[in-house]
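Colleague: Take this structure first; my questions come after.
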Amino acid sequence: MNYAKEINALNNSLSDLKGDINVSFEFFPPKNEQMETMLWDSIHRLQTLHPKFVSVTYGANSGERDRTHGIVKRIKQETGLEAAPHLTGIDASPDELRQIAKDYWDSGIRRIVALRGDEPAGYEKKPFYAEDLVKLLRSVADFDISVAAYPEVHPEAKSAQADLINLKRKIDAGANHVITQFFFDVERYLRFRDRCVMLGIDVEIVPGILPVTNFKQLGKMAQVTNVKIPSWLSQMYEGLDDDQGTRNLVAASIAIDMVKVLSREGVKDFHFYTLNRSELTYAICHILGVRP
């Protein structure tokens, strides 16, 4: 293989897209005043890129839910962006979930990310799966509903095939958009996308992209998500524990390489896990041709 020609081909394929790329961004509710400032600075910076939507994660308890609701409403009011709250079936009855969904609809929210949610230790209630939540949302209003997918298999799934069948159930229940867990093995994502097509899943499988600025934090996240960390990725961050600037450059380089290959493979929608930071996501979007 002529690697120089391949690199040129990747760069040329990006330039040929000419703005034919959609991006979306995920944020989470801040825990203190400093993080609150960082969140809104990031939202306003990334707002200029005209994302397809932005999503806000969600905790199981009512306080977290209220914070998510408040952020989503403020995003919509201040920026005009389509804001999608995460919603889970944990720690809320079906009637409560219907009321939450109705409140969102009445507030002008038209998109929801529907998840089962992580069951806390000692949780004994009957599971309310994402498929059930999608059906419930469909019974309330005509939401655009995003659900999660796992190219490297959900940690609780019995098998890769069982996990894929579960995704198909969520689509059949009424979901019309899929966002994947973050990953670093692009080939694994592409094979997963092919298997989705073979099973009759005909919605866009949007890759979740995580620019890694904190490798230690990534290790903790990978343990609970079943995401494989390649050895080459570990080596990239060796010796950088106290060098945030270089870590940022490494993170941007890795993510940019991923989106170049994915775009060459026909991917036109990308979902960025921003961790409430805008700098790297903004730079990666610039490379993709997504600009103010």
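Placed from the backbone N, Cα and C atoms, the Cβ positions cover glycine too.
Features from Swiss-Prot:
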- E26: active site, proton donor/acceptor (ACT_SITE)
- T57, Q181: NADH binding site (BINDING)
- Y58, A60, H86, R116, G117, D118, A130, Y150, H154, A157, D163, N166, R169, K170: FAD binding site (BINDING)
- D118, Q181, Q217, R277: (6S)-5-methyl-5,6,7,8-tetrahydrofolate binding site (BINDING)
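Could you place these features in context, so I can see how deep they sit and what lies close by?
Modeller: In the three-state DSSP classification, E26 (active site, proton donor/acceptor) falls within a strand. A 10 Å cutoff on Cβ-Cβ distances gives E26 (active site, proton donor/acceptor) a total of 22 other Cβ atoms nearby, all chains included.
Neighbour list (Q181 (NADH binding site), Cβ cut-off 8 Å, at least 6 residues apart, same chain): A148, A149, Y150, P151, E152, G208, T225, N226, V227.
DSSP classifies H154 (FAD binding site) as coil under the three-state reduction. Under a cutoff of 8 A between CB atoms, and with a sequence separation of 6+ in the same chain, the neighbours of H154 (FAD binding site) are D163, N166, N226.
The Cβ neighbour count for Q217 ((6S)-5-methyl-5,6,7,8-tetrahydrofolate binding site), using a 10 Å radius over every protein chain in view, is 11.
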Colleague: Rank aside, I only need the closest one: which of the recorded positions E26, T57, Y58, A130 has its C-alpha nearest to that of R277 ((6S)-5-methyl-5,6,7,8-tetrahydrofolate binding site)?
Modeller: E26
Colleague: Give me the Cα-Cα distance between G117 (FAD binding site) and T57 (NADH binding site), rounded to a whole Å.
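Modeller: Distance between the two Cα atoms comes out at 11 Å.
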Colleague: Nearest to A130 (FAD binding site) by Cα distance: which of the recorded positions E26, T57, Q217 is it?
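Modeller: Considering only the listed recorded positions, the nearest one is T57.
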